[in-house]
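Positions annotated as domain 'Alpha/beta hydrolase fold-3' by TrEMBL: 109-262, 319-381. Here TrEMBL flags S191, D348, H378 as active site.
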Amino acid sequence: MRSSCVLLTALVALAAYYIYIPLPSSVSDPWKLMLLDATFRSAQQVSNLIHNLGLSHHLLALNFIIVIFGKKSAWSSAQVKVTDTDFDGVEVRVFEGSPKPEEPLRRSIVYIHGGGWALASAKIRYYDELCTAMAEELNAVIISIEYRLVPKVYFPAQIHDVVRATKYFLQPEVLHKYSVDPDRIGISGDSAGGNLAAALGQQFTQDANLKNKLKVQALIYPVLQALDFNTPSYQQNVNTPILPRYVMVKYWVDYFQGNYDFVQAMIVNNHTSLDVEEAVALRARLNWTSLLPASITKDYKPVMQTTGNARIVQEIPQLLDARAAPLIAEQEVLRHLPKTYILTCEHDVLRDDGIMYAKRLESAGVQVTLDHFEDGFHGCMIFTSWPTNFSVGIRTRDSYIKWLDQNL
């Protein structure tokens, strides 16, 4: 009996040691976030083991775990009709809110899920619930795109998928089928989905053949650049769940089918050092010392190496491609973008990407709403139902939908 108690105490202590990580007191529901982070870390370790045994690529294994426990079939309710179909060969899940009698044509959002270009799905519970809530509360048609993921495809295939599906949807006959107002269509996405939404928005402003233009874009903690992994938010949140800096850098390398040997050098900005000529012209477009307010920069210092590793950009030139990093787009491109909503979270390595993009858009004459949450963390907006319900998740979702309701 005594030995059983000792063993149980030891197991509890080990579990507590594994789960506990120091978190700022201002973060929402810290113990719940620790449990969520521990669960995700455990799934990553299992997927890495599967990879090391030669059974599957670690990202395929990790996404299998995510989808198998979270997949939800297309289930309709009295308020929202949900169907799975494809738009020009790209799978989509369509959520149709009930139309108002006084508004025969409905507004619409094309939504792109996050997951580091490699994980998640439009068909898992988190995104199904988000899009259902959007369709019901906005009386709108939500098109959630099931784009292809790493490692089955790499950049720019994900962009091609969302562009192809969105262009198909914007055809007059398709809009008519879903009773959508062609003047009230927006694009939105979170994290890597926010990256793809921003890239799509920029591409569409330059497409003279598009008759139907986007009315708004709404970007939720978007990832927007891969030149500087030492912005104040990257330095402040280097090990913050659920997206530590090294994990974000690895997602970038995976997206470009790059070499993991480059990760440590990229973390210290060796890929954009002063001797890397390809990066020189782009630095001013994400100079955070001028783009971020003093309340954000605090005492953080820029990390700019004098000499670095020019081989990284030579082998992965996509790092400097504005389609992958919308924050470095030319001012002329930004000038034509629609009204924009950007949601950022304090406890997120990507916080400053969103704030800098908002500043650049404002400088280009775009009307921008920057919605910042001091207790937010990366990914929080999809965590709104038990057992992963966070107070900041509900507040971010409600604020996001409210902005869409007022501006779309």
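Yeah, the Cβs are placed from backbone N, Cα and C, and that goes for glycine too.
Bear in mind that TrEMBL entries carry predicted annotations, made automatically and left uncurated.
The CA atom of S191 (active site) is located 11 Å away from the CA atom of D348 (active site).
For the active-site residues S191, D348, H378, the ranking by surrounding Cβ atoms (within 10 Å, all protein chains) places S191 first. Of the recorded residues, D348 (active site) and H378 (active site) place their C-alpha atoms 5 Å from one another. Under DSSP, residues within the domain 'Alpha/beta hydrolase fold-3' (319-381) fall into helix, strand and coil as 24 helix, 19 strand, 20 coil.
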